[in-house]
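Comments concern the structure below.
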Amino acid sequence: IEVLLGGDDGSLAFIPNDFSVAAGEKIVFKNNAGFPHNVVFDEDEIPSGVDAGKISMNEEDLLNAPGEVYKVNLTEKGSYSFYCSPHQGAGMVGKVTVN
C-alpha cells in the first residue's frame, strides 16, 4: 500500500490515515508535497514487544522532497499508531491495523 504524506490540497495529513495491511505487506510512505515529513510509530500504541525504533524513521530524518519514500514491513499483528513529528500538533497522525 502507498500512503501519501500531505494532501494534494496542501493539507498536513496521511492519506489514507486509517488502513489495514496483511502481516509483512510493504507500506510505502511517500512525500506528496514540498513540506518535510517523517513517519514515527508511537511506542505506547503499537503491539507489545515491537521496538518502535526499528520501524520508525529517526525523528531528525525527514522526507524533504516530493516523491521521497520511507518503506516499512510490519510483521506483528495488531494496531499501530504513527505520526509525523514536525506536524503531530497539527493533527498529522494515522493508524494501521496488521491482520
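The backbone N, Cα and C atoms fix where each Cβ goes, glycine too.
The Cβ of HIS87 (Cu cation binding site) lies under 8 Å from the Cβ of LEU12, PHE35, HIS37, each on the same chain and at least six residues away in sequence. Residues annotated as Cu cation binding site in Swiss-Prot: HIS37, CYS84, HIS87, MET92.
According to Swiss-Prot, the domain 'Plastocyanin-like' annotation covers 1-99.
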Can you list, in sequence order, the residues of the same chain other than HIS37, CYS84, HIS87, MET92 whose CB lies within 8 Å of the CB centroid of the Cu cation site?
LEU5, GLY6, LEU12, ALA13, PHE14, PHE35, ASN38, TYR83, SER85, PRO86, GLN88, ALA90
Work out, from DSSP, the number of helix, strand and coil residues along the domain 'Plastocyanin-like' (1-99).
10 helix, 37 strand, 52 coil
Cβ atoms near MET92 (Cu cation binding site) (within 10 Å, other residues, all chains):
22
